[in-house]
Each structure stands twice: as structure tokens, then as C-alpha cells.
């Protein structure tokens, strides 16, 4: 049972006719599209910038990218915590949105002024180029991690703040959540597509400094979209630190570990007014011991909250524990994404990029292929697949979020199968002196894009719907943290293989592990 405590930007109770709904969520979707456009244009072509302009070796460049992206998603936990505990999602987005904007601005300045980078040198010819050191590296990493901090803290709040516009107490509005998550992914795809086509083309033909300037402008437009919706938003007020109640449950359960749980859950401790926001479940029964009153508690003396917790507190912890296996399942999924965003781009650079005598495909734009398809698939999924599946499953979202996640994980497997087969064919072609067309890489991106339609959206929807009041942003952040672990695992795998095999050799212009 959820109590509506939403307020407007002045702290007054919200009214259903003025605040919330899809109209308010549209302003958040604007921020989603523009922010994704800005960071995707930087992140997806970052390996090229670091390799060609900062002169880092390929394996180190790949790790710079994966560590950067991993940090973006890992810091989403910080954004979720600050939002739920102290700032609220709207203030969190404003503060860290401007931090991200400052990071883009710093990247633009460094890319524009040659004296802030190492001397020009062609890394593709095998020359000994001077790697970025000292203030050059400091400026690069300061800019990157300002962007990472801002974007990381922004991402979970974009989703949770948009979803908060639909009242849980209102069945009709709450049923529109699945539609909102599909719209959010559509905005995500739109931003990615523009970044990977128009913005990457700008970076390639006009320079990285112009490309970074466009990213900065896109981020600014996203913040304007957010500010424009200020008077229409439903804001969930922060409820104090979310970690203390969680810690209290574990401490109280440990202190009373020798107690025997009552067979009747009604004997467990409720809140002082007797209201239970979450019903008792039989999962993780050992945590129920935190709700058992001691002898002194039964005779009227008040027990410490570190020794006695409510059923609602315990059920919140149970929800978090039950989400961990789902969280773990998606880590390898995001490792695949990391490989596609780094080595697959360099794989494309070593292939024939010409479609005609006058037109060449920028390798970083390869990643636009799945988003071109998804621009059409997402509306089709919402308008055709969901109504059809709803008739069979009698579920508002067509299939359950867990079924959606499982389908996506299964499909993602074939993306890496395709990548391996194409790489084998590319190497064989290079040995005999021919160059394989870059279009051979398309299938691995298409397959992964389809898997993302299921896994990415299903994961966010599942975690948000499992969240309790006061933890929406943090549990949404856990979905992004899965991306973080996936990218960190990718960096670890690259480093381990390089260490074990003793270095890199070049085949057909592409440094590969041997």
C-alpha cells in the first residue's frame, strides 16, 4: 500500500489535473534524448580520440573507454542514494547535469587547443608517438570523470523521476508505466542514433573539438528541457538515508539469531500505528528474527531500532536480496556491449569502409545500425507485440519483465558468435591481402540491439516495479551498476589476455591479442 506524498517544486501537495502524467514525463524524456546524444557521441568514438590524439596504445585506449563507461554506471549508485536520501531526483538531476556540462566544456577546450595535447603524430604508421602525460593527461581525465560523475548520477534519476509522474495509487496511470519505459528507450535510441550518425560524422569531418562542442550544446538543451517541466513535475521528497534501515535489519537479525521465528507472522513487530506497507513473505526467513520482540519489548519498554525492526523494513531488505541474482545475470550481457563499443569499432577500422568511391562509413557509426532498426522496432513492440501478447498472457505489459530479460539474454549470445566468425573471416582475408567489407560487422550489432530491446527495458521496468517508496532511484541505479560491472569485467579480460599472451600483434591494421 503506497501513500501519495508527492509535492510540486514549491513543496505543496500535487494535484492530479496539473501535475504528473505522460505530459510531465515528456520533459524528462527530452533530457534523456539530449543527454544520451551528448555522451554517446563522446563515449562511442572516445577510443579513436584517445588512440589518435592522446597516443595511448590500443589496449590502454580500450581500457580508458571501458573504465570511463564503467565509472559512469557505477556512480549511478551515488546518484540514486543522494536522490532517495537527501536531494530528491529533480535537484539531483540539476546539480549533476551542470557538472556533466562542465566536463563536456573542458573536453571541448582541450580538443580545440593543440598545446593541451601531445604533438601530432600518426599512430597508424607505427611511429613512436609521444603519449599524453602530466597536465595533458590530467586535463583529459578530469574532463572525462566530470562527465562520468554527472552522467552517472543523472541516469537513474531520469528514469525514476519520469516513472514517478505516474501515481502508484491510480491503477490507470500505473498501468502506463510499461509504455513510459518503452518511450524512454525510444528516446535513448533516438539520442544514440543521432550521436552515432550526425555527431560522429561531424567529429570525423570537422574535428573532435567541433564534435565535442555539439555534445556540449546537446547537454545544455537537455537541461533546458528539464527546467521547462519544473511546474508540471510530481516530486518524491527524500526520506533520509536508505542504508541505515537496511543495516539495522542485518544487525537485529544477527543479535537475535538464536531466536525461533513464530509460525504466525502476525506476531512479528509492525510499525507503531500498526500499518504494514509491505506484506510479509516467507523468503529469507532468517531476517524475520529482526522483527521478534524481546522480553523487555513485550512488557512495554521500547527496544533499540538496531535490535527490533518492522516487517516493512525487513521486506525492503528481502526485495534487494532477491534482485541480486537478476542483477548478476546481466553483467556478462554488458561485457558484450563493452566489447562491441571498443574492439568492434577498431575491427571495423581495419576493414574496407568504402560503400562507394566517394562515401566511407566512419567505424564508430557502426553502432548506429541497431538503433536505426530499434527506432522502428520499439513503436512496433508497443503497438503490435504488446496487444497481441496481452491477449495470450493477460498481462498489461504483454510479457512479464523477467520473461523480457530472459529473452534478451538468450538473443545476446548470438551477437558474440557472429563477432567471432566475422573476425576469423577478416583475419583470413587480411592474410591473403584482401580487405573485407565493413558491412560484415552489421549482424553482431543488429543482434545485440534486438537483445537490448528486451533486456535493457525489462531490467529497468522490473527493478522500478520492485522498488518501495523512498528507494526508487537507488534500485533503478542498480540496473545501471550492472553496466558498470560489465565494462569493468571487459577491462579485466583485456588486461588478463594481454598479460598471459605477452602482448599484441598487428593483423591487417588491427592490434589483436595473440
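If you go along the chain as it appears here, the first residue is 1 and each next one adds 1.
From the backbone N, Cα and C atoms, a Cβ is placed for every residue, glycine too.
The transmembrane segment feature in TrEMBL is assigned to 21-42 (among others).
According to TrEMBL, the feature transmembrane segment maps to 62-82 (among others).
The annotation transmembrane segment is assigned in TrEMBL to 94-113 (among others).
The transmembrane segment annotation in TrEMBL covers 137-158 (among others).
Taken from TrEMBL, the feature transmembrane segment covers 179-202 (among others).
Residues or ranges marked as transmembrane segment by TrEMBL: 214-233 (among others). Residues of the same chain lying 6 or more positions beyond the ends of the transmembrane segment (214-233) and with a Cβ under 8 Å from any Cβ of it are 8-9, 18-20, 23-24, 26-28, 30-35, 37-39, 41-42, 90, 93-94, 97-98, 100-101, 104-105, 107-108, 161, 165, 195, 199, 202.
Here TrEMBL flags 317-337 (among others) as transmembrane segment. Beyond the ends of the transmembrane segment (317-337), by six or more residues, the same chain brings 246, 249-250, 278, 281, 283-284, 287, 402, 405, 408-409, 412, 415-416, 448, 451-452, 455, 459, 462-463, 466-468, 475, 478-479, 481-483, 485-487, 489-490, 493 to within a C-beta distance below 8 angstroms of the stretch.
Per TrEMBL, transmembrane segment is recorded for 369-389 (among others).
Sequence annotations record features per position, and here TrEMBL assigns transmembrane segment to 441-463 (among others). Long-range contacts of the transmembrane segment (441-463) within its own chain (CB-CB distance under 8 A, at least 6 residues past either end) are made by residues 159, 177-178, 181-182, 184-185, 323, 326, 330, 333, 336-337, 340, 344, 347-348, 351, 366-367, 369-371, 373-374, 377-378, 381, 397, 401-405, 407-412, 414-416, 418-419, 422, 475-476, 478-479, 482.
Per TrEMBL, transmembrane segment is recorded for 475-497 (among others).
Outside the transmembrane segment (179-202) by six or more residues, the chain places 22, 25, 29-30, 32-38, 40-41, 44-45, 158-159, 162-163, 165-166, 210-211, 214-215, 218, 362, 364-365, 367-368, 371-372, 374-375, 378-379, 381-382, 453, 456-457, 460-461, 464 with a CB less than 8 A from a CB of the stretch. Counting same-chain residues at least six beyond the ends of the transmembrane segment (137-158), those with a Cβ under 8 angstroms from any Cβ of the stretch are 28, 31-32, 35, 39, 42, 46, 50, 54, 64, 68, 71-76, 78-80, 82-83, 89-90, 92-93, 95-104, 106-107, 110, 116, 184, 473-474, 476-477, 479-480.
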